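Now, the feature entries from Swiss-Prot:
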{"type": "ACT_SITE", "residues": "Asp327", "note": "active site, proton acceptor"}
{"type": "BINDING", "residues": "Lys28, Gly100, Arg128, Gln176, Arg358, Arg409", "note": "phosphoenolpyruvate binding site"}
{"type": "BINDING", "residues": "Lys28, Ser29, Arg33, Ser174, Gln176, Asp327, Lys354", "note": "3-phosphoshikimate binding site"}
{"type": "COMPBIAS", "residues": "1-17", "note": "compositional bias 'Low complexity'"}
{"type": "REGION", "residues": "1-26", "note": "region 'Disordered'"}
Amino acid sequence: MSHAAAAKPATARKSQALSGTARVPGDKSISHRSFMFGGLASGETRITGLLEGEDVMRTGAAMKAMGAHIEKRGAEWVIRGTGNGALLQPEGPLDFGNAGTGSRLTMGLVGTYDMETTFIGDASLSGRPMGRVLEPLRQMGVQVLKATPGDRMPITLHGPKHAAPITYRVPMASAQVKSAVLLAGLNTPGITTVIEPVMTRDHTEKMLKGFGANLSVETDERGVRHIFIEGQGRLTGQTIAVPGDPSSAGFPLVAALIVPGSDITIENVLMNPTRTGLLLTLQEMGGQIDILNPRNAGGEDVADLRVRYSELKGVAVPPERAPSMIDEYPVLAVAASFAEGETLMQGLEELRVKESDRLSAVANGLKLNGVDCTEGEASLAVRGRPGGKGLGGHPNGLDTTVQTHLDHRIAMSFLVMGLATEKPVTIDDQAMIATSFPEFMGLMTGLGAEIR
């Protein structure tokens, strides 16, 4: 059944004060990598707190198709990996559904194997460019046997007999490209080097070291990172407790800031500094966000967040902050809609190649609901209305349903918006929220949100 046939609209209405304690699902980036590295490592890997959304499950299914043994026992996932260099050729195509991270990282992981692998995805993923990952793989000797024009899925790869290590400078701020090259380096003799001018989320580096990879990072005087990985070493299974996803935490967090009288606590949130751009920006806007019980879990910083309703003010978000909050701009734009003055977001070119053209999807949704905003090539300026006065769907019969374009973050962001606008906000489809945050509806309504 297609997404279109199964579309489930949803409407959010002005809510009473939100209150209570919530725990968001496990971090998506760490969950994908836990399945991948556990499936590749020798011995047993045990994972608690894994995000059981559709995207991560697709990565798990791909690893199983290549020889890993993965099962759930109670609240824990137990994996017996193949050993580095010992993945098997899958019998059929690897279907990644909507999972951009899973597909791009797996292309890196298996691309340097002397075997044929085909990658397919849903309509949204099949429209996303994969050339940025295929380009360094081609340099390592990987053949792209089949691809849809524009390096889009379906894509069939065949690795070389012996892959060549490369030094690759990542041309854009992309953790996915960096990670794909490092993972390709795992099955490549010698040392593969990635040069990263702008630091992006560093879960791949941290976790590979935890699994025993010979990986080192040097930062030069200009702040450029050089990441070295020695191929064909042994990876050993680990025990992983996945912290809460800061991108998912952004939704209840912004909801509490904009719904008057709210006071909530979000527990066990990942506080890795490459992921806290939204938190920092909302604090600069005047958001009352207290960081409680900061602690270290499995090499990552974790904390609880107490969030209270706040009168927000517009700010200019520095463009260099974009990599640390690239997935959070839609919900930041919602917060900005209730702030006094203008919020300017720049350096957003990566939003054009996400699950949807996320920048235009946000701008169109805001305008439909009465928000004064200006969309640039790589920027968005939002002029807010404190209290949400006059915002929300127009009652005069015009269809103001927000088109989510099969994008889970657009869907959740606009449902958050409707909790504080004068009039309700409706989205065309909530079905794809399950890709990253299956518990979203239950968690939000449990805090008091009016969403149906």
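Using N, Cα and C of the backbone, Cβ positions are placed for all residues, glycine too.
From a predicted model like this one, the values you see are computed outputs, not experimental measurements.
Summarised by DSSP class, the composition of the region 'Disordered' (1-26) is 0 helix, 10 strand, 16 coil.
Under DSSP, Lys354 (3-phosphoshikimate binding site) is assigned to coil, being neither helix nor strand in the three-state scheme. The recorded positions under consideration are Arg33, Gly100, Gln176, Asp327. Their Cβ neighbour counts within 10 Å are lowest for Gly100. Here the CA atom of Lys354 (3-phosphoshikimate binding site) lies 12 Å from the CA atom of Gln176 (phosphoenolpyruvate binding site). Comparing the Cα of Arg128 (phosphoenolpyruvate binding site) with the Cα of every entry in Ser29, Arg33, Ser174, Asp327, Lys354, these being the recorded positions, the smallest distance points to Lys354. A separation of roughly 13 Å, to the nearest angstrom, links the Cα atoms of Arg33 (3-phosphoshikimate binding site) and Gly100 (phosphoenolpyruvate binding site). Residues Lys28, Ser29, Arg33, Ser174, Gln176, Asp327, Lys354 are listed as the 3-phosphoshikimate binders, and the farthest two of them sit 19 Å apart at their Cα atoms.
Each of the binding-site residues Lys354, Arg358 was assessed for Cβ neighbours inside 10 Å, and the highest tally belongs to Arg358. Put simply, Asp327 is the one of the recorded positions Ser174, Asp327, Lys354 whose Cα lies nearest to the Cα of Lys28 (phosphoenolpyruvate binding site).
Counting other Cβ atoms within 10 Å of each Cβ, the binding-site residues Ser29, Ser174 show the lowest value at Ser174.
In this structure, the binding-site residues Lys28, Arg128, Arg409 were compared by how many other Cβ atoms lie within 10 Å of their Cβ, and the smallest count belongs to Arg128.
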